[in-house]
Amino acid sequence: MTDEGPSKGGYRRVLLKLGGEMFGGGSVGIDPDVVGTVARQIAEVVADGVEVAIVIGGGNFFRGAELQQRGMERARGDYMAMLGTVMNCLALQDFLEREHGIDTRVMTAITMGQVAEPYIPRRAARHMEKGRVVIFGAGTGMPYFSTDTTAAQRALEIGCEVVLMAKGVDGVYTADPKTTPSATLFETITHREVLERGLKVADATAFSLCMDNQMPILVFNLLTEGNIARAVGGEKIGTLVSTPASGVA
């Protein structure tokens with residue numbers, strides 16, 4: 001895997017990571033307007049022949065770490081959050097198929113035979129080769145692992161060129177721009193720098209996994225219309241997080 005950015009013409013196989021809290025539009029549950037907007041942007045890139053896999057979080061329903069703070073066993077809270085991710089997956093699948101005619105498969109790390117296929121890497125890759133969008137639910141199927149880590153692992157296993165990490169901000173900043181107005185945006189940064197600076201873009205496990213395997217991460221603002229197509233097309237938006245091929249950060 002090389003990670004100096006997209007080849008001419010953009011990326012051809014991508015893993016799109018969507019935060020669950022964005023699906024809720026800032027509240028608990030699913031906001032149909034948000035899901036519809038995301039589905040429309042995904043349909044645009046699929047129409048251009050890009051192979052797309054998606055990992056969705058469940059933060060609009062549950063967060064295991066937050067439930068733990070209220071006294072719940074962490075593992076049980078994480079399993080509840082996994083179920084929340086599947087609800088988000090099914091919602092996105094519905095919008096993609098019903099409104100845009102995009103053939104879609106939901107694959108889960110926990111067996112849910114009536115609503116999704118089990119996650120089998122080679123089958124997922126084959127679906128993508130046939131032009132189907134693959135949506136991964138239930139995280140890794142194990143507690144204590146975030147959906148950011150799931151995105152990194154799935155991207156590596158099915159041969160994606162990049163993890164497109166959609167956020168509610170424009171990219172990676174020197175500090176949280178919501179609390180520090182003077183924070184500045186990085187156009188590029190290495191995985192190691194993100195970890196050493198303690199920048200809260202995604203969890204450290206996900207970044208370490210991508211760093212060790214030279215998987216680039218493009219962090220961009222999902223709330224800007226057309227940004228998914230811009231990210232896939234290789235336009236300079238957001239922040240490209242990468243590690244030189246030599247492995248020296």
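Cβ from N, Cα, C; glycine included.
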Recorded UMP site member, picked from Asp78, Asp170, that accompanies Gly58, Thr140, Gly141, Met142, Pro143, Tyr144, Phe145, Ser146, Thr147 in Swiss-Prot: Asp78
Nonlocal neighbours by CB distance (under 8 Å) for Gly20 (ATP binding site), same chain, sequence gap 6 or more: Ile56, Gly57, Gly58, Gly59, Asn60, Phe61, Gly84, Thr85, Asn88, Thr147
Packing count at Asp176 (ATP binding site) (other Cβ atoms within 10 Å of its Cβ): 11
